[in-house]
Every structure is written in structure tokens, then in C-alpha cells.
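Taken verbatim from Swiss-Prot:
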type: BINDING; residues: Y37, Y175, Q179; note: L-tyrosine binding site
type: BINDING; residues: K238; note: ATP binding site
type: DOMAIN; residues: 357-414; note: domain 'S4 RNA-binding'
type: MOTIF; residues: 42-51; note: motif ''HIGH' region'
type: MOTIF; residues: 235-239; note: motif ''KMSKS' region'
Amino acid sequence: MSSNNLIKQLQERGLIAQVTDENALAERLAQGPVSLYCGFDPTADSLHLGHLVPLLCLKRFQLAGHKPVALVGGATGLIGDPSFKATERKLNTEATVKEWVEKIRRQVSPFLDFDCGENSAKTANNYDWFGNMDVLAFLRDIGKHFSVNQMINKEAVKQRLNRDDVGISFTEFSYNLLQSYDFARLNEVHGVELQIGGSDQWGNITSGIDLTRRITQKQVFGMTVPLITKSDGTKFGKTEGGAVWLDPKKTSPYKFYQFWINTADADVYRFLKFFTFMNLEDIDALEEEDKNSGKAPRAQYVLAEQVTGMVHGEEGLAAAKRITESLFSGAAADLTEADFAQLAQDGMPVIELEKGADLQQALVNAGLVPSRGQARTMISSNAVAINGEKQSEPEYLFTDSNRLFDRYTLLRRGKKHDCLICWK
């Protein structure tokens with residue numbers, strides 16, 4: 001992605017929701033490298049898929065020769081952003097937020113290049129400037145630039161202000177001032193001229209632009225990426241189990257890979273534009289190929305490979321593909337102990353059994369059949385497999401050879417109903 005016509009290229013990918021003074025920004029980008037930032041608040045111990053588009057947008061700017069700053073909100077994370085939130089956020093302890101700041105800083109780092117000369121990336125933490133700021137300095141130096149009349153008219157907080165049952169605390173109401181000052185501070189220290197963020201951050205970004213201009217008398221810009229929606233109207237980045245996290249301990253690489261494999265045909269080519277660095281011509285060619293192949297589309301596998309490899313590395317991608325192929329065939333021989341640990345984490349239903357259990361009881365406990373009688377019928381009709389091997393003996397007792405790594409057994413009824421036994 002070149003710096004020339006960068007705005008146009010981002011628009012062609014559908015990556016711009018709003019931008020301030022588009023022509024002036026395009027002109028500034030054409031003049032030479034720009035420092036830009038995106039903020040990530042530590043509201044949990046991991047980023048999730050909702051953070052990925054703005055994070056990748058930082059990378060797109062860096063690849064075009066610009067200088068990204070990833071700001072982790074050690075201070076703003078203690079307050080909580082009320083933007084479009086129906087209720088007050090729970091306040092986390094300083095120790096918790098500090099721990100999450102470090103985790104998120106480590107999570108962001110692999111996406112950016114911190115050693116590439118003039119446009120090397122930087123990280124920052126807004127606790128560094130808010131941590132020792134006293135309340136009088138905050139009110140005099142920052143608060144005086146804000147009109148409450150304008151603040152209460154921002155769409156991001158209107159819904160809370162209009163609800164008598166919830167309302168908004170002064171703590172959350174003041175969040176807008178903190179994020180605004182981040183922009184002014186980063187402009188002074190790092191020469192940051194552009195802030196990017198999700199479309200829910202538009203109000204905070206424009207406030208930051210106003211404050212920066214008042215304090216520094218410099219022109220700065222803001223840009224938001226769209227809120228990603230699915231064609232069926234359901235929320236993107238969620239599964240039945242909740243959010244899809246970037247931390248492999250919270251969402252395994254296998255589960256992450258499967259999330260992308262299950263992308264609807266109506267969404268997949270759009271998501272390739274949002275979440276990968278494939279050329280638009282290649283995405284269009286893939287769409288045309290899928291349309292004319294008469295087979296299942298290949299796009300979901302391309303998307304899953306590209307994003308899983310980017311987030312979890314080649315090793316994580318290889319494990320995800322290995323698990324997927326093994327489960328498709330029903331065989332467990334190629335799975336490593338770490339692969340089984342991924343399945344136990346979030347890959348399929350799991351039960352624990354004492355050694356000496358029989359196959360009928362395992363099927364009932366796993367919810368694969370309603371009764372021992374039904375289990376006997378299923379086993380006799382050759383519809384049950386242990387680690388990919390059919391088992392037709394109704395009174396079968398598990399043996400040590402069934403326990404892979406002395407811990408795991410893969411149980412299958414029919415072609416699609418799986419359960420992982422973890423032996424006590």
C-alpha cells in the first residue's frame with residue numbers, strides 16, 4: 001500500500017467510515033510521513049476481534065511509510081469509555097489494569113515494526129502523563145477548553161443521559177477529556193497528526209482534534225474505521241461462547257481458525273478486504289473463481305489461513321489446520337498433546353471420566369445418546385468411533401491404548417457428533 005492515494009486505497013477496501021477534512025489529510029499524507037496513533041484501553045486481559053481492524057489500519061499506514069504509535073490506556077482503562085454503552089462499566093483495580101496494560105502492549109507489538117528506521121513504530125501509555133496530574137491542573141489546563149453544552153450533545157453519551165434508570169457518572173463523563181488530551185500530548189511529544197479508531201470513537205476523536213488545535217494551534221486529523229457487521233445482522237466477532245479473543249489462552253488457534261472458516265459467503269470477500277493485505281485484484285479474482293468453480297468456495301480457507309497466520313503465527317496456523325483435518329477424517333493419530341489441549345480448551349464438548357469407565361457410559365455422559373440402551377444400539381450398528389477407529393463391541397471397556405498421552409480420548413457418534421474425554 002503506497003502513500004500516494006492512501007485514503008483512496010483505504011476507501012476502496014471499505015476501511016473508512018468517517019474522516020475529518022479528507023482533502024487536507026490526503027494532501028498532508030502526500031507531502032511525507034505522518035505520525036498517527038490508535039488507542040487500546042485495557043478493559044480485559046486481551047484484545048478481541050473488534051480491535052483487529054484499527055490495529056491492522058496502523059500497520060497499513062506503516063507499510064505506506066508512516067509512523068504508528070500504539071497507545072495503551074493505562075489511565076483511561078481505569079475510568080472506562082461510556083461511548084454507546086448502555087450501562088456503567090465496572091471499575092477495575094489499578095493492579096489489574098497495570099497487568100492488562102502489559103499484556104495488551106505485548107499483544108500489539110507483533111503487528112507493527114519497531115525497527116525499520118525512520119518510520120519505526122512506538123508504544124505509549126497515557127498513565128505516564130495522567131498518573132501524576134493533580135485535579136486542579138486537570139480542571140484548569142484541560143477542563144477549561146471543554147463546553148459541557150457540546151459534551152452532552154454528543155451521540156456517544158446521549159442515550160445514557162436520556163435514561164433516568166442508568167444515567168452517567170462524572171467519572172465516565174470525563175473520559176472524553178482524557179482521550180482528547182491524549183491526542184494533544186502525543187502531538188507535542190511524538191508529532192502525532194492523525195488519530196484513528198473505531199466508528200464509536202468519532203466523538204472522542206473530534207474532541208481531541210479541537211483540544212489539540214486550541215493547545216498547539218496545529219492542524220490535526222481524525223479517521224474512523226467502520227463497525228464490522230455481518231450480512232445477517234448478527235454481531236461480528238462473537239460466538240455462542242462469547243468474544244473471539246486474540247490471546248490463544250482465551251480463544252485457541254483452532255477455534256479462531258474455525259471462526260473464519262464459518263464466514264458466510266455473503267461476507268467473506270468483504271472480510272478479505274478488511275482483515276488481510278491481499279490485493280483487491282486478487283480478491284476479485286478469487287470471488288470470480290469461486291463463482292464459476294461449481295464447488296464450495298475457497299475464500300473462507302484463504303481468509304482463515306491469512307488471519308490465523310497473522311495473529312497466531314505459522315505454528316498456530318499449522319496446529320489449527322492439523323486439528324481441522326484430523327477431526328474431518330475422524331482420526332486422532334496426527335494430533336499432538338498441545339492439539340488436544342486446544343480441543344479441551346474450547347474446541348468441542350469435554351467430559352471427565354475415571355479410568356475403568358465403559359463406552360456406553362461415556363456416550364451417555366457426553367450427551368451423544370440419551371440412554372445406555374441407545375448407546376448399545378449405536379455401538380452395535382458401527383456408528384461409534386474411538387480415536388477414529390470404529391468400535392462395535394457393546395460392552396467395551398476403555399483400555400490404556402485408548403488414552404492418548406495418557407490423558408485424552410476422542411469419541412465420535414456418527415459423522416459429526418464429537419466429544420473429548422479427559423481422563424482423571
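Using the three backbone atoms N, Cα and C, a Cβ is placed for every residue, glycine included.
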Nearest-integer angstrom distance between the alpha carbons (Cα) of Q179 (L-tyrosine binding site) and the residue listed as 'ATP binding site':
27
Among all chains shown, work out which of the binding-site residues Y37, Y175 has the most CB atoms within 10 A of its CB.
Y37
How do the residues of the domain 'S4 RNA-binding' (357-414) split into helix, strand and coil according to DSSP?
19 helix, 14 strand, 25 coil
Residues Y37, Y175, Q179 binding L-tyrosine per the record - widest CA separation, whole Å:
18
Along the motif ''HIGH' region' (42-51), what average pLDDT does this model show?
96
Measure from the CA atom of the residue listed as 'ATP binding site' to the CA atom of Y37 (L-tyrosine binding site) and give the result in Å, rounded to a whole number.
26
Using the alpha carbons only, what distance in Å do you get between K238 (ATP binding site) and Y175 (L-tyrosine binding site) once rounded?
26
CB contacts for Q179 (L-tyrosine binding site) [other CB atoms within 10 A, all chains]:
27
